[in-house]
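Student: Dropping the structure in here first, questions after.
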Amino acid sequence: MTTSFYFLLMALGLLLYVCQSSFGNQHTRNSDTPKYRCGSDIPNSYMDLCFRKRNDAGKKRGQASPLWQRGGSLSMLKARAKRNEAFHLQRAHRGVVEHCCYRPCSNAEFKKFCG
């Protein structure tokens, strides 16, 4: 009887652990939680949030990007976008640093700076 009680206790403990790890983290990390974006995070976020938005809009109109049609390298595209968009952010959107580097901003707030 003590052996079966021990195994039952272990099974319940394991079940509790699995339930806690599976369901306990659902509401702890939201993809749109505010975060600080400074330095190279600004062009990276711009590439992830704004370029995807532009590319999706082109797909909706049935106009895929010519770079994607030619099978352009994603790393080349990211490097060029970082170079071009970093300059664009410095000139046109000076407020993105004040808004998202000095205090945290969500993805929705960052998308307001998309050109």
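Cβ coordinates come from backbone N, Cα and C, glycine included.
Take a look at what Swiss-Prot says about it:
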type	residues	note
SIGNAL	1-24	signal peptide
MOD_RES	Pro34	4-hydroxyproline
MOD_RES	Glu98	4-carboxyglutamate
DISULFID	Cys100-Cys105	disulfide bond
MOD_RES	Pro104	4-hydroxyproline
MOD_RES	Glu109	4-carboxyglutamate
MOD_RES	Cys114	cysteine amide
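Map the listed features onto the structure and describe their local environment.
Tutor: Long-range neighbours of Pro34 (4-hydroxyproline) (same chain, six or more residues apart, CB within less than 8 Å of its CB): Pro104, Cys105, Ser106, Glu109. Annotation note: Pro34 (4-hydroxyproline) sits in a coil segment as assigned by DSSP.
DSSP classifies Glu98 (4-carboxyglutamate) as helix under the three-state reduction.
Listed in sequence order, Tyr36, Arg37, Cys38, Ile42, Ser45, Glu109, Phe110, Phe113 are the same-chain residues six or more apart from Cys100 (disulfide bond) with CB atoms under 8 A from its CB.
Pro104 (4-hydroxyproline) is surrounded by 13 other CB atoms, counting those within 10 A of its CB over all protein chains shown. When secondary structure is read from DSSP and collapsed to three states, Pro104 (4-hydroxyproline) falls in the coil class.
Around Glu109 (4-carboxyglutamate), a 10 Å sphere centred on its CB holds 14 further CB atoms from the protein chains shown.
Other C-beta atoms found within 10 angstroms of the C-beta of Cys114 (cysteine amide) number 15, with every protein chain shown included.
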Student: Counting across all protein chains shown, how many other Cβ atoms sit within 10 Å of the Cβ of Glu98 (4-carboxyglutamate)?
Tutor: 9
Student: Would you count the other CB atoms within 10 A of the CB of Cys105 (disulfide bond), including those on all shown protein chains?
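Tutor: Result for Cys105 (disulfide bond): 20 neighbouring Cβ atoms inside 10 Å.
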